[in-house]
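Novice: One structure coming up, written as C-alpha coordinates, with questions to follow.
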Amino acid sequence: MADDSANKKQPLLSGLADQNIGTVKKRRFRRCKTTPASDADFFGSYKGRELFPGSNSILRNFRPSFRQASLLLIIYLIVGCTCFYLVRDQIVGKKTNGILDALYFCIVTMTTVGYGDLVPESVPAKLLACAFVFSGMAFVALFLGKAADYLVEKQEVLLVKAVHLRRKVGTRQMMKEIEAKRVEYKFFTIVVALLVLVTLGTIILVKIEKLNIIDAFYCVCATITTLGYGDKSFSTTFGRVFAVFWILTSTICLAQFFLYLAEIQMEHRQQTLVKWVLTRRMTVVDLEAADLDDDGVVSAAEFVIYKLKEMGKINQEDVALVLEEFENLDVDQSGTISNSDLLLAQSVE
(Lines of atoms letter the chains of each structure in order from A and count residues from 1; the text may use other names and numbers.)
(Lines give C-alpha, C1' and ligand atoms only; values in the text may rest on other atoms or scores of the structure.)
Protein backbone atom coordinates (compact mmCIF):
# COMPACT_ATOMS: atom_id res chain seq x y z
CA MET A 1 0.00 0.00 0.00
CA ALA A 2 2.82 2.35 0.85
CA ASP A 3 4.66 1.31 -2.29
CA ASP A 4 1.58 2.07 -4.40
CA SER A 5 1.16 5.43 -2.68
CA ALA A 6 4.76 6.31 -3.42
CA ASN A 7 4.37 5.34 -7.04
CA LYS A 8 1.29 7.54 -7.33
CA LYS A 9 3.45 10.53 -6.56
CA GLN A 10 5.85 9.57 -9.36
CA PRO A 11 5.49 12.24 -12.11
CA LEU A 12 4.55 10.93 -15.54
CA LEU A 13 7.50 12.51 -17.32
CA SER A 14 10.02 11.41 -14.72
CA GLY A 15 11.62 9.08 -17.24
CA LEU A 16 12.39 12.07 -19.47
CA ALA A 17 13.05 14.78 -16.92
CA ASP A 18 15.25 12.95 -14.43
CA GLN A 19 17.36 9.94 -15.41
CA ASN A 20 18.96 9.70 -11.93
CA ILE A 21 15.83 8.34 -10.23
CA GLY A 22 16.19 4.76 -9.05
CA THR A 23 14.69 1.94 -11.07
CA VAL A 24 11.22 0.88 -9.99
CA LYS A 25 10.34 -2.74 -10.61
CA LYS A 26 6.69 -2.20 -11.33
CA ARG A 27 5.43 1.26 -12.10
CA ARG A 28 1.77 2.10 -11.86
CA PHE A 29 0.61 5.43 -13.14
CA ARG A 30 -2.67 6.43 -11.58
CA ARG A 31 -4.49 9.72 -11.46
CA CYS A 32 -2.64 12.13 -9.22
CA LYS A 33 -4.41 12.57 -5.91
CA THR A 34 -4.34 16.35 -6.40
CA THR A 35 -5.88 16.24 -9.87
CA PRO A 36 -9.60 17.09 -9.65
CA ALA A 37 -10.45 15.50 -12.99
CA SER A 38 -13.44 13.40 -11.87
CA ASP A 39 -15.07 16.19 -9.92
CA ALA A 40 -14.34 19.04 -12.31
CA ASP A 41 -16.88 20.16 -14.84
CA PHE A 42 -16.17 21.34 -18.35
CA PHE A 43 -16.01 24.99 -17.34
CA GLY A 44 -13.09 24.77 -14.95
CA SER A 45 -14.86 24.49 -11.60
CA TYR A 46 -14.29 21.93 -8.87
CA LYS A 47 -16.74 21.43 -5.98
CA GLY A 48 -18.07 24.95 -6.44
CA ARG A 49 -14.60 26.53 -6.69
CA GLU A 50 -13.09 27.96 -9.85
CA LEU A 51 -9.95 26.03 -10.81
CA PHE A 52 -8.60 28.63 -13.19
CA PRO A 53 -9.46 32.29 -12.45
CA GLY A 54 -11.18 33.85 -15.41
CA SER A 55 -11.59 30.53 -17.25
CA ASN A 56 -15.37 30.79 -17.33
CA SER A 57 -15.28 34.16 -19.01
CA ILE A 58 -12.62 32.92 -21.45
CA LEU A 59 -14.74 29.93 -22.46
CA ARG A 60 -17.81 32.08 -22.84
CA ASN A 61 -15.89 34.43 -25.11
CA PHE A 62 -14.73 31.62 -27.37
CA ARG A 63 -18.15 29.97 -27.44
CA PRO A 64 -21.06 32.37 -27.93
CA SER A 65 -24.00 31.51 -25.74
CA PHE A 66 -27.53 31.05 -26.96
CA ARG A 67 -28.45 34.46 -25.54
CA GLN A 68 -25.70 36.20 -27.50
CA ALA A 69 -26.63 34.38 -30.70
CA SER A 70 -30.29 35.26 -30.21
CA LEU A 71 -29.45 38.92 -29.68
CA LEU A 72 -27.31 39.04 -32.82
CA LEU A 73 -30.01 37.23 -34.79
CA ILE A 74 -32.62 39.76 -33.67
CA ILE A 75 -30.36 42.66 -34.68
CA TYR A 76 -29.68 41.05 -38.06
CA LEU A 77 -33.37 40.44 -38.73
CA ILE A 78 -34.38 43.95 -37.63
CA VAL A 79 -31.80 45.55 -39.93
CA GLY A 80 -32.63 43.19 -42.79
CA CYS A 81 -36.36 43.56 -42.38
CA THR A 82 -36.06 47.36 -42.30
CA CYS A 83 -33.87 47.47 -45.42
CA PHE A 84 -36.04 45.11 -47.45
CA TYR A 85 -39.19 46.89 -46.31
CA LEU A 86 -37.80 50.18 -47.60
CA VAL A 87 -37.22 48.61 -51.03
CA ARG A 88 -40.43 46.55 -50.98
CA ASP A 89 -41.65 48.22 -54.17
CA GLN A 90 -38.48 47.03 -55.91
CA ILE A 91 -39.17 43.39 -55.00
CA VAL A 92 -41.62 41.51 -57.22
CA GLY A 93 -43.49 38.26 -56.65
CA LYS A 94 -46.21 36.79 -54.45
CA LYS A 95 -46.82 39.33 -51.68
CA THR A 96 -48.93 39.22 -48.53
CA ASN A 97 -47.93 41.91 -46.01
CA GLY A 98 -45.14 44.47 -46.38
CA ILE A 99 -43.35 43.82 -43.07
CA LEU A 100 -43.99 40.08 -43.13
CA ASP A 101 -42.74 39.77 -46.72
CA ALA A 102 -39.59 41.73 -45.82
CA LEU A 103 -38.88 39.43 -42.86
CA TYR A 104 -39.70 36.34 -44.90
CA PHE A 105 -37.41 37.49 -47.73
CA CYS A 106 -34.65 38.17 -45.18
CA ILE A 107 -34.90 34.62 -43.79
CA VAL A 108 -35.02 33.02 -47.24
CA THR A 109 -31.97 35.04 -48.26
CA MET A 110 -30.08 34.37 -45.05
CA THR A 111 -30.52 30.58 -45.29
CA THR A 112 -29.86 30.59 -49.08
CA VAL A 113 -33.19 28.81 -49.69
CA GLY A 114 -34.14 31.31 -52.41
CA TYR A 115 -37.56 30.07 -53.49
CA GLY A 116 -37.90 32.74 -56.17
CA ASP A 117 -41.41 33.69 -55.06
CA LEU A 118 -39.98 37.11 -54.09
CA VAL A 119 -37.23 38.51 -56.32
CA PRO A 120 -35.31 41.83 -56.18
CA GLU A 121 -35.83 43.74 -59.40
CA SER A 122 -33.86 46.99 -59.07
CA VAL A 123 -30.08 47.44 -58.78
CA PRO A 124 -30.20 48.69 -55.15
CA ALA A 125 -32.42 45.77 -54.11
CA LYS A 126 -30.12 43.27 -55.80
CA LEU A 127 -27.02 44.75 -54.16
CA LEU A 128 -28.80 44.71 -50.80
CA ALA A 129 -29.69 41.03 -51.29
CA CYS A 130 -26.06 40.23 -52.14
CA ALA A 131 -24.85 41.92 -48.96
CA PHE A 132 -27.36 40.13 -46.75
CA VAL A 133 -26.83 36.68 -48.25
CA PHE A 134 -23.09 36.74 -47.50
CA SER A 135 -23.48 38.27 -44.05
CA GLY A 136 -26.32 35.84 -43.31
CA MET A 137 -24.27 32.80 -44.29
CA ALA A 138 -21.38 33.99 -42.14
CA PHE A 139 -23.73 34.56 -39.21
CA VAL A 140 -25.26 31.09 -39.52
CA ALA A 141 -21.82 29.47 -39.74
CA LEU A 142 -20.23 31.37 -36.86
CA PHE A 143 -23.03 31.85 -34.37
CA LEU A 144 -26.26 29.97 -34.98
CA GLY A 145 -24.52 26.64 -35.55
CA LYS A 146 -22.75 26.94 -32.20
CA ALA A 147 -25.93 28.07 -30.50
CA ALA A 148 -27.77 25.05 -31.92
CA ASP A 149 -24.97 22.78 -30.72
CA TYR A 150 -25.25 24.40 -27.28
CA LEU A 151 -29.00 23.69 -27.16
CA VAL A 152 -28.51 20.09 -28.26
CA GLU A 153 -25.98 19.52 -25.49
CA LYS A 154 -28.47 20.93 -22.98
CA GLN A 155 -30.96 18.27 -24.09
CA GLU A 156 -28.49 15.43 -23.51
CA VAL A 157 -29.18 15.34 -19.78
CA LEU A 158 -32.93 15.13 -20.43
CA LEU A 159 -32.32 12.34 -22.92
CA VAL A 160 -30.24 10.32 -20.45
CA LYS A 161 -32.89 10.83 -17.77
CA ALA A 162 -35.55 9.59 -20.17
CA VAL A 163 -33.47 6.51 -21.07
CA HIS A 164 -32.91 5.67 -17.37
CA LEU A 165 -36.35 6.75 -16.20
CA ARG A 166 -36.90 3.64 -14.07
CA ARG A 167 -33.40 3.67 -12.62
CA LYS A 168 -31.93 6.03 -10.07
CA VAL A 169 -28.97 7.56 -11.86
CA GLY A 170 -26.72 9.94 -9.95
CA THR A 171 -25.39 13.16 -11.43
CA ARG A 172 -21.82 11.86 -11.66
CA GLN A 173 -22.88 8.64 -13.34
CA MET A 174 -25.08 10.60 -15.73
CA MET A 175 -22.24 12.93 -16.67
CA LYS A 176 -19.91 9.96 -17.25
CA GLU A 177 -22.44 8.37 -19.59
CA ILE A 178 -22.98 11.63 -21.45
CA GLU A 179 -19.24 12.08 -21.87
CA ALA A 180 -18.77 8.49 -23.05
CA LYS A 181 -21.61 8.67 -25.60
CA ARG A 182 -21.67 12.42 -26.23
CA VAL A 183 -21.67 12.26 -30.03
CA GLU A 184 -24.30 9.50 -30.17
CA TYR A 185 -26.66 11.40 -27.86
CA LYS A 186 -26.21 14.62 -29.83
CA PHE A 187 -26.88 12.76 -33.08
CA PHE A 188 -29.98 11.06 -31.68
CA THR A 189 -31.31 14.37 -30.32
CA ILE A 190 -30.87 16.18 -33.63
CA VAL A 191 -32.50 13.29 -35.53
CA VAL A 192 -35.59 13.54 -33.32
CA ALA A 193 -35.69 17.33 -33.74
CA LEU A 194 -35.30 17.01 -37.51
CA LEU A 195 -38.11 14.47 -37.77
CA VAL A 196 -40.39 16.73 -35.75
CA LEU A 197 -39.59 19.71 -37.98
CA VAL A 198 -40.10 17.74 -41.20
CA THR A 199 -43.44 16.42 -39.96
CA LEU A 200 -44.58 19.83 -38.76
CA GLY A 201 -43.58 21.52 -42.02
CA THR A 202 -45.41 18.90 -44.07
CA ILE A 203 -48.58 19.30 -41.99
CA ILE A 204 -48.56 23.11 -42.31
CA LEU A 205 -48.06 22.93 -46.06
CA VAL A 206 -50.94 20.48 -46.38
CA LYS A 207 -53.34 22.29 -44.06
CA ILE A 208 -52.48 25.93 -44.75
CA GLU A 209 -50.93 26.02 -48.22
CA LYS A 210 -53.36 23.36 -49.51
CA LEU A 211 -50.68 21.14 -51.05
CA ASN A 212 -51.04 17.39 -51.34
CA ILE A 213 -48.90 15.23 -49.11
CA ILE A 214 -46.28 14.49 -51.79
CA ASP A 215 -45.89 18.13 -52.84
CA ALA A 216 -45.73 19.19 -49.19
CA PHE A 217 -42.98 16.70 -48.39
CA TYR A 218 -41.19 17.67 -51.62
CA CYS A 219 -41.31 21.35 -50.60
CA VAL A 220 -40.02 20.50 -47.11
CA CYS A 221 -37.05 18.58 -48.54
CA ALA A 222 -36.28 21.33 -51.05
CA THR A 223 -36.38 23.88 -48.22
CA ILE A 224 -34.29 22.25 -45.50
CA THR A 225 -31.60 21.30 -48.04
CA THR A 226 -31.68 24.95 -49.27
CA LEU A 227 -32.38 23.83 -52.84
CA GLY A 228 -35.44 26.08 -53.06
CA TYR A 229 -36.70 25.07 -56.49
CA GLY A 230 -39.46 27.67 -56.19
CA ASP A 231 -42.33 25.76 -57.75
CA LYS A 232 -43.71 25.14 -54.24
CA SER A 233 -43.36 27.63 -51.40
CA PHE A 234 -45.20 29.48 -48.64
CA SER A 235 -47.61 32.01 -50.15
CA THR A 236 -50.23 32.65 -47.43
CA THR A 237 -49.89 35.05 -44.51
CA PHE A 238 -49.98 32.36 -41.82
CA GLY A 239 -47.71 30.13 -43.90
CA ARG A 240 -45.04 32.82 -44.08
CA VAL A 241 -45.32 33.57 -40.37
CA PHE A 242 -44.65 29.88 -39.75
CA ALA A 243 -41.89 29.81 -42.40
CA VAL A 244 -39.98 32.64 -40.71
CA PHE A 245 -39.28 30.39 -37.72
CA TRP A 246 -39.38 27.00 -39.40
CA ILE A 247 -36.98 27.63 -42.29
CA LEU A 248 -34.23 28.96 -40.04
CA THR A 249 -34.60 26.16 -37.50
CA SER A 250 -34.90 23.28 -39.96
CA THR A 251 -31.96 24.30 -42.18
CA ILE A 252 -29.66 24.63 -39.16
CA CYS A 253 -30.86 21.28 -37.77
CA LEU A 254 -30.04 19.54 -41.05
CA ALA A 255 -26.57 21.09 -41.06
CA GLN A 256 -26.02 19.89 -37.47
CA PHE A 257 -27.28 16.42 -38.48
CA PHE A 258 -24.54 16.02 -41.09
CA LEU A 259 -21.98 17.51 -38.70
CA TYR A 260 -22.78 14.98 -35.97
CA LEU A 261 -22.86 12.16 -38.53
CA ALA A 262 -19.33 13.10 -39.62
CA GLU A 263 -18.27 13.25 -35.94
CA ILE A 264 -19.60 9.73 -35.35
CA GLN A 265 -17.64 8.39 -38.32
CA MET A 266 -14.46 10.16 -37.18
CA GLU A 267 -14.91 8.86 -33.63
CA HIS A 268 -15.42 5.32 -34.92
CA ARG A 269 -12.24 5.57 -37.00
CA GLN A 270 -10.36 6.92 -33.97
CA GLN A 271 -11.60 4.08 -31.76
CA THR A 272 -10.56 1.54 -34.40
CA LEU A 273 -7.09 3.09 -34.56
CA VAL A 274 -6.75 3.10 -30.76
CA LYS A 275 -7.77 -0.57 -30.59
CA TRP A 276 -5.22 -1.47 -33.26
CA VAL A 277 -2.43 0.46 -31.53
CA LEU A 278 -3.13 -1.15 -28.15
CA THR A 279 -3.41 -4.72 -29.46
CA ARG A 280 -0.52 -4.94 -31.91
CA ARG A 281 2.80 -6.31 -30.70
CA MET A 282 5.70 -3.93 -30.19
CA THR A 283 8.74 -4.53 -32.43
CA VAL A 284 12.40 -3.56 -32.17
CA VAL A 285 11.73 -0.69 -34.57
CA ASP A 286 8.99 0.57 -32.25
CA LEU A 287 11.35 0.28 -29.29
CA GLU A 288 13.94 2.46 -31.00
CA ALA A 289 11.30 5.01 -32.02
CA ALA A 290 9.86 5.15 -28.49
CA ASP A 291 13.28 5.64 -26.88
CA LEU A 292 13.19 9.44 -26.83
CA ASP A 293 16.38 9.92 -24.83
CA ASP A 294 18.36 7.18 -26.66
CA ASP A 295 19.40 5.35 -23.47
CA GLY A 296 18.52 1.91 -24.84
CA VAL A 297 15.43 1.39 -22.69
CA VAL A 298 11.87 2.74 -22.83
CA SER A 299 10.38 4.14 -19.65
CA ALA A 300 6.67 4.18 -18.91
CA ALA A 301 6.51 7.89 -19.76
CA GLU A 302 8.22 7.31 -23.12
CA PHE A 303 5.92 4.34 -23.84
CA VAL A 304 2.79 6.41 -23.10
CA ILE A 305 3.99 9.27 -25.29
CA TYR A 306 4.83 6.90 -28.15
CA LYS A 307 1.45 5.20 -28.02
CA LEU A 308 -0.38 8.54 -27.90
CA LYS A 309 1.57 9.63 -30.98
CA GLU A 310 0.58 6.42 -32.75
CA MET A 311 -3.06 7.06 -31.89
CA GLY A 312 -2.82 10.48 -33.46
CA LYS A 313 -3.72 12.23 -30.20
CA ILE A 314 -0.42 14.12 -30.03
CA ASN A 315 2.52 14.75 -32.36
CA GLN A 316 6.21 15.45 -31.93
CA GLU A 317 5.62 19.20 -31.95
CA ASP A 318 3.18 18.86 -29.05
CA VAL A 319 5.72 16.86 -27.05
CA ALA A 320 8.43 19.43 -27.75
CA LEU A 321 6.20 22.30 -26.65
CA VAL A 322 5.21 20.53 -23.43
CA LEU A 323 8.81 19.67 -22.58
CA GLU A 324 9.83 23.26 -23.30
CA GLU A 325 7.14 24.47 -20.88
CA PHE A 326 8.41 21.94 -18.32
CA GLU A 327 11.95 23.21 -18.65
CA ASN A 328 10.77 26.81 -18.23
CA LEU A 329 8.96 25.89 -15.00
CA ASP A 330 11.84 23.76 -13.70
CA VAL A 331 13.84 26.81 -12.62
CA ASP A 332 16.35 24.92 -10.46
CA GLN A 333 16.95 22.32 -13.21
CA SER A 334 16.26 19.45 -10.80
CA GLY A 335 14.13 17.47 -13.24
CA THR A 336 10.99 18.05 -11.16
CA ILE A 337 8.62 20.96 -10.57
CA SER A 338 8.02 22.07 -7.00
CA ASN A 339 6.26 24.95 -5.29
CA SER A 340 9.56 26.84 -5.11
CA ASP A 341 9.95 26.43 -8.89
CA LEU A 342 6.50 27.90 -9.46
CA LEU A 343 7.22 30.84 -7.17
CA LEU A 344 10.53 31.50 -8.90
CA ALA A 345 8.93 31.26 -12.31
CA GLN A 346 6.19 33.71 -11.30
CA SER A 347 8.74 36.15 -9.88
CA VAL A 348 10.71 36.04 -13.14
CA GLU A 349 7.57 36.86 -15.11
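Yeah, the Cβs are placed from backbone N, Cα and C, and that goes for glycine too.
Not my notes, these are from TrEMBL:
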- 73-152: domain 'Potassium channel' (DOMAIN)
- 194-264: domain 'Potassium channel' (DOMAIN)
- 285-303: domain 'EF-hand' (DOMAIN)
- 324-342: domain 'EF-hand' (DOMAIN)
- 69-87: transmembrane segment (TRANSMEM)
- 99-119: transmembrane segment (TRANSMEM)
- 125-145: transmembrane segment (TRANSMEM)
- 185-205: transmembrane segment (TRANSMEM)
- 211-229: transmembrane segment (TRANSMEM)
- 241-262: transmembrane segment (TRANSMEM)
Novice: Please determine whether the transmembrane segment (69-87) and the transmembrane segment (125-145) are in contact (criterion: at least three Cβ-Cβ distances under 8 Å, sequence separation 6 or more).
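Specialist: In contact, yes.
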Novice: Considering every residue in the domain 'EF-hand' (324-342), what is the mean pLDDT value?
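Specialist: In the predicted model, the domain 'EF-hand' (324-342) has a mean pLDDT of 83.
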Novice: Cβ under 8 Å, sequence separation of at least 6 from the ends of the transmembrane segment (241-262): give me the contacting residues as numbers and ranges.
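Specialist: Distant contacts of the transmembrane segment (241-262): 100, 103-104, 107-108, 110-111, 113, 140, 144-145, 148-149, 152, 183, 186-187, 190-191, 193-194, 197-198, 200-201, 204, 208, 220, 223-226, 234.
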Novice: Is it possible to list how many residues within the domain 'EF-hand' (324-342) are helical, extended or coil according to DSSP?
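Specialist: Per DSSP, the residues of the domain 'EF-hand' (324-342) fall into 10 helix, 0 strand, 9 coil.
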